[in-house]
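J.: Take this structure, written in structure tokens, and hold onto it; I'll ask about it next.
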Amino acid sequence: MLWAGGMRLGMARILLMLVHAAAACEFGPMPYSVTGIVFRMTKPAALLLNQETARLIQASFKHAKFPNITGERSMRFLGTVAYTLANIQVSDLSIEQSEVELKENDAIDIAIKNVTAFFRGTLTYGYAGAWFLQLFHSVDFEIQSSIDLQINIKLLCQEEQVAADASDCYLSFHKLMLHLQGDKEPGWLKQLFTDFISFTLKFVLKRELCKEINLLAQVMANFVHNVAENFVQDEAIGLDISLASDPLIKANYLESHHEGLVLYKNYSDVLSDSVFSPSLLSESRMLYFWISEHILNSLASAAFLDGRLVLAIRGEKLQALFEFEDTEAQQKAVHLIFQGNSYNDSVAKVWSLALPEISLQPEGTVVKSLVAVEISIFPPGEEPLTALYMEEEITVTIQAAYVEKKLILRPVDSQIEFKVFNCTADPSGNDQSVRNFLQKMISAVGIPEVISKIEPALTSLMNSKGLHLFEIKNPEIITRKRYLIVQLDFSFPNHLLLDFLEKTL
């Protein structure tokens, strides 16, 4: 029976290897050139997450389904003794120590030491004596065990996403002690079952526990992928986070490379000139995200095509823009544009006329856009009129930070060039003072006002994906020529793991 079980386990491993080979991803000769997003987790982060390993192992033990264990043996004077261990359940599980090591180009080695567990169930046994005397008994049992567990997790690419293979799993038993109910059974019976049940039990425990651990590792990998996929999706706009190359395991970090192409209706996105190189990321922080300039450009294009780059300003907000200073030029501009009408009866509409262009530089994120501004007045009881229409090419450099769970965008430089300028009260356009005031106003308060609308919108979007649940420490957003890096440390939110276990198990 054990030989047959070993053969089945061996065949299962062979089939698993064939499945992995069949599901392996194919990549081009230059995978870095098509890499839009890179995720790097360093060893300190792996050590932090390893502290949660105990909960995953406990879940594996408790969720494992143990089959009934049956066997028989011929005994002198007793005849054939048959037994069944049924309704096996785990209780009182404790883990003394868990260690993790990253084995370069191989696996994540997790060594779990001194796992103490009690397996409880019902033992039914019977034997036919030499004088045809048949006796059958049923008694509750408890098995006290002390186990070391070694799991070697390999990271693979399956169906263009990261998959975890934890099939390389070993159990070492330091103790396996059988207790029968109240220890009232004869000592020879206890010794008998301890001797020839233990080997079978070890085999079954290893098979079922390792199977459950491997399943949980795969479910966890899928869960992480789904969370990441949801994080980069907002309504019709999303990112394709398919792998651009096989995931890496290095001595000090784990790393995955993703395409990051924008998904939006019929929008066609192609990346072939990424500047990523592993040397661009260090190992001093827990987590790193490398993002190509191309990704931000494509996201801005999708937002434009989706009609999101539109803003209406009215009432007190509009008044604050036009009265940010009290000068003769300001008073003249307000009089010419609004003609004595109230700000409450006026609306300024701002929108992009063409696809924005984004470039990443050491100074920050440079956004260049052709923008239209239209001020409409709705006098009570009269026909609405367009008081001002202008088009300008605006280039603004923005520096970003993440502080107290909020995204902060700070404009540090801007350039404004008027392309079209039509003021109803000055059709000739000869009054340069109005144009000069508007240019100053747009630079001083107009651009900050637009950015102040973007900040909470993006913060709210990220929080809706659960970012605020993480305790992020000292995050930095660093821009370089054609790419940016987000680097941070973090504390793991325990409730997220519990939520995962509740939903999946």
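Glycine is treated like the rest: Cβ placed from N, Cα and C.
Pulled these features from Swiss-Prot for this protein:
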SIGNAL    1-24  signal peptide
CARBOHYD  ASN68  N-linked glycosylation site
CARBOHYD  ASN114  N-linked glycosylation site
DISULFID  CYS169-CYS210  disulfide bond
CARBOHYD  ASN266  N-linked glycosylation site
CARBOHYD  ASN344  N-linked glycosylation site
CARBOHYD  ASN422  N-linked glycosylation site
J.: Whole-number Å only: compute the distance from the Cα of ASN68 (N-linked glycosylation site) to the Cα of ASN114 (N-linked glycosylation site).
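T.: So the alpha carbons of ASN68 (N-linked glycosylation site) and ASN114 (N-linked glycosylation site) sit roughly 26 Å from each other.
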J.: About how far apart, in whole Å, are the alpha carbons (Cα) of CYS169 (disulfide bond) and ASN422 (N-linked glycosylation site)?
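T.: If we compare the Cα positions of CYS169 (disulfide bond) and ASN422 (N-linked glycosylation site), the gap is 74 Å.
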J.: List nothing but the one residue from ASN68, ASN266 whose Cβ has the fewest other Cβ atoms within 10 Å; the candidates are the glycosylation sites.
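T.: It is ASN266 that, of the glycosylation sites ASN68, ASN266, has the fewest other Cβ atoms within 10 Å.
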J.: If you measure from the Cα of ASN266 (N-linked glycosylation site), which of the recorded positions ASN114, CYS210, ASN344, ASN422 is the nearest?
T.: ASN422
J.: Under a three-state reduction of DSSP output, how is ASN422 (N-linked glycosylation site) classified: helix, strand, or coil?
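T.: Once the DSSP labels are grouped into three classes, ASN422 (N-linked glycosylation site) ends up as strand.
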J.: Return the count of C-beta atoms lying within 10 angstroms of the C-beta of ASN422 (N-linked glycosylation site), excluding that atom itself.
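T.: ASN422 (N-linked glycosylation site): 14 neighbouring Cβ atoms within 10 Å.
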J.: Going by DSSP, give the three-state secondary structure for ASN114 (N-linked glycosylation site).
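T.: Assignment for ASN114 (N-linked glycosylation site) reads strand.
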J.: To the nearest Å, how far is the Cα of ASN422 (N-linked glycosylation site) from the Cα of ASN344 (N-linked glycosylation site)?
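T.: Counting only the Cα atoms, the answer is 22 Å.
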J.: Near the Cβ of ASN344 (N-linked glycosylation site), how many other Cβ atoms are there if near means within 10 Å?
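T.: Total other Cβ atoms inside 10 Å, all chains included: 12.
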J.: Where does CYS169 (disulfide bond) sit in DSSP terms: helix, strand, or coil?
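T.: DSSP call for CYS169 (disulfide bond): strand.
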J.: Which is it, of ASN114, CYS210: the one of these recorded positions whose Cβ has the most other Cβ atoms within 10 Å?
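T.: The residue with the densest Cβ neighbourhood is CYS210.
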J.: How many other Cβ atoms are found within 10 Å of the Cβ atom of CYS169 (disulfide bond), counting all protein chains shown?
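T.: That number is 20.
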J.: If one measures from the C-alpha of ASN114 (N-linked glycosylation site) to the C-alpha of CYS210 (disulfide bond), what distance in angstrom results, rounded to a whole number?
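T.: Cα to Cα, ASN114 (N-linked glycosylation site) and CYS210 (disulfide bond) are separated by 16 Å.
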